[in-house]
């Protein structure tokens, strides 16, 4: 059952919502550097621009309409239930939560990478994983304290993340060399199709998830109007924050095949010396910390909503007695993230998480359009204009992109991805048999 909004509960106002969205959906250019090594500089930049237009804009429009029409805790899970019923609501809600878990697992891993690149590049795995665990469980603790504690944190983090990027743009924009982009510069041993797929995967990662904060709709003030406006601002900021620093880095460090997750740190070192590199490193750390905090917030509300409907063990529905936060879901997520970060590296987490999200995105696109037909009179304070023509365009174009990625993703990731894609059906069957035998 969906929990109703409480009038006494602290809520995020408009600019705090913008800050939260920036922290959760963007967070700065930290961690996107590996796309240059995987796809080459030209496809890296054009892939981001292409995906901002043909993936990001449709996502913003669709999710703005959905959140304005159905602003309930659980967000996309509630949209699935309303569109296709409880069973498929669970299956798609489960897959939504799973893809967010893979995304969330990236950020403590990235935070560790940015930290050890200066301190101890050859640090043993047990030390780096220990640092990763400390980030995960600090995040669990902060989120147990609730939005009253997390909201002001978003307002602080956005400035810590943006200011050094602005400084990098100011000092480095004159170095951008557009001649680089007249050739593809494909990485050695990589064919065009594979390079394109990986560039698109990074684009999906950077311009997706716009339904995420809807899971915590009851935490946002005037959700129906504030959410769409905040999304538009976030998308514009994201394009600037991703593309320009990456173009500066491509001009400053031309060893593109050697780029890794923390390469912009070394670009900052070349541009402004050690002090600026440490400042940039601090911004990267806060970006990754903010991303996992924000995603832990939205995932816990999504998981609790699924549990409230009886699809998961009761302890996941537990709320904290003082803070009214989903403590059961938060602790469960902390345990699962601890295991994930031990067994998978950054690229594995990114590619597997993106691959299993592709069917979900396609289903989500058609869920959006199906609600136009099944619930035409549903109040929509924000509505995608153009009758049914533009809504259909926002469905068809990203669907073709998603299918291209799904079909041509490198085969080595399928062994991990396919079982995860089917896990909701297996879990649902076992859980219902367990409940039947128990009662």
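Cβ coordinates are placed from backbone N, Cα and C, and glycine is handled just like the others.
According to TrEMBL, the protein carries these features:
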{"type": "TRANSMEM", "residues": "12-32", "note": "transmembrane segment"}
{"type": "TRANSMEM", "residues": "44-61", "note": "transmembrane segment"}
{"type": "TRANSMEM", "residues": "97-120", "note": "transmembrane segment"}
{"type": "TRANSMEM", "residues": "126-144", "note": "transmembrane segment"}
{"type": "TRANSMEM", "residues": "156-176", "note": "transmembrane segment"}
{"type": "TRANSMEM", "residues": "196-218", "note": "transmembrane segment"}
{"type": "TRANSMEM", "residues": "230-252", "note": "transmembrane segment"}
{"type": "TRANSMEM", "residues": "264-284", "note": "transmembrane segment"}
{"type": "TRANSMEM", "residues": "349-369", "note": "transmembrane segment"}
{"type": "TRANSMEM", "residues": "389-407", "note": "transmembrane segment"}
{"type": "TRANSMEM", "residues": "413-431", "note": "transmembrane segment"}
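Using the rule of three or more Cβ pairs under 8 Å, pairs at least 6 apart in sequence, the transmembrane segment (413-431) is not in contact with the transmembrane segment (196-218).
Counting same-chain residues at least six beyond the ends of the transmembrane segment (349-369), those with a Cβ under 8 angstroms from any Cβ of the stretch are 58, 62, 65-66, 76, 79-80, 83-84, 92, 95-96, 98-99, 101-103, 105-106, 109, 201-202, 204-205, 208, 211, 340, 388, 391-392, 394-395, 398-399, 402-403, 405-406, 409-410, 413-414, 416-417, 420-421. Of the ranges 12-32, 44-61, 97-120, 196-218, the one with the most Cβ pairs under 8 Å to the transmembrane segment (230-252) is 12-32. Of the two recorded stretches, the transmembrane segment (196-218) lies close to the transmembrane segment (12-32), with three or more CB pairs under 8 Å once pairs fewer than 6 apart in sequence are set aside. Of the Cβ pairs linking the transmembrane segment (12-32) with the transmembrane segment (126-144) and spaced 6 or more residues apart, fewer than 3 are under 8 Å, so the two regions do not touch. Same-chain residues lying 6 or more positions outside the transmembrane segment (264-284) and placing a CB less than 8 Å from one of its CB atoms are 28-31, 33, 110-111, 114-115, 117-118, 160-161, 163-165, 167-168, 171-172, 245-246, 248-249, 252-253.
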